[in-house]
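For reference, the structure discussed in these notes is given below.
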């Protein structure tokens, strides 16, 4: 028999075109990325039982829908199209969803008189679904001989469980189930072995549950439960928060005994991890004064390392088990905390396509894991808010820093503002268009600047040429004017010095006589000078 593990989330992603058609029929539009984010990050944080891998349980879907459509600041209107589409998948399931949707139970009164046919699929409440390729076993005769009356094992009173006062607790194996399990995960919800009553609203999926005669009956973990829990979750060292949440849900819903807790820890944790968890749990034991105690008798009484003789049939034994589970959870939380390392908290930054809510959850998880501080503590809200602003995406962080009256803003206010900024981000197509437009504008400005510089250069060259031409023309005009002013012609007996007639210049009485002074010598510059 071959099998492949799938989940409601992966199932919807494999049939994404069908999901979009269903959303279109609801007059809404859904995006694949936000579908995954809401299913695996947002809705599990509502604390209504929504698993990380999605579910087709209508009750859980309606609880998430009530949270999403809540009026006022606590609502999430951007998530309405997605939860409405989830709801439509259950109300009008396509063929690939029908095997995983809970059918309406048949009345028990009609069962004793009808021969049992092929095993019907019981309501599926598991986080994971396994698609099996069933083999066809040979049919065997299941009716009593001679047409005798059928006995409904589900309504028959179970045998009394003798009260246990001392000695080891004896585990009783369950009677043969009425339904054959459709997948290995079925035994996670043990209520499938008993069809729910019409007026029943509480789950019966407990290892310890009330039998027909008022006695508690014990149903141990199945190997398929432990196998799937171990293989579908990260190790405690890799992600202590996720594994702690799984164990917490198992302790809450299954109400395991001391032996079950040891089996659970031995399967999901390594030997070193288990010892660390047990040590932290024993440190959390409190004395009569409400303070942590180290008295061996009180520690061993509340959290024993050896198998105790607690009788789950008595109120005292059940109280011991409740306290033991609480201490075990405290040990898991304390052991999951790493040494204080604020540098690792600062490395948590918002991804390019990560929503602010998802980023805040990762940031809080880093605070829980790498610091001793509780991010939910009101006294730490300022530190978490500053980390949220500084480590957000650059465009979101810049706008958050410019908010008016930033000091009075709560962490919830900052997340809402960041969501608005995130939702108004441009799409990749818009970003490409903006970059193309900016490039064209930049190129246009560059061409205009080049043309302006060329025009300025031409004007400067024209001015220089005009000056040069003006100089040449002026020189030519002066030369022409100078050529016209020639010396006047002298007569034969006219003096060139005094311009009088009757003598020449050398005999001019008006010309000064006497020795000539030395001519001034013109100094020449040499290369040395």
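The first residue you see is number 1, and the count goes up from there.
Each residue, glycine too, has its Cβ placed from N, Cα and C.
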Quiz item: Swiss-Prot tags one of 172-175, 176-179, 180-183, 200-203 as motif 'PPXY motif' - which one?
Solution: 176-179
Quiz item: Do you know which of 493-510, 511-528 Swiss-Prot annotates as zinc finger?
Solution: 493-510
Quiz item: Which residue counts does DSSP yield for the compositional bias 'Basic and acidic residues' (498-510) in the helix, strand and coil classes, in that order?
Solution: 3 helix, 1 strand, 9 coil
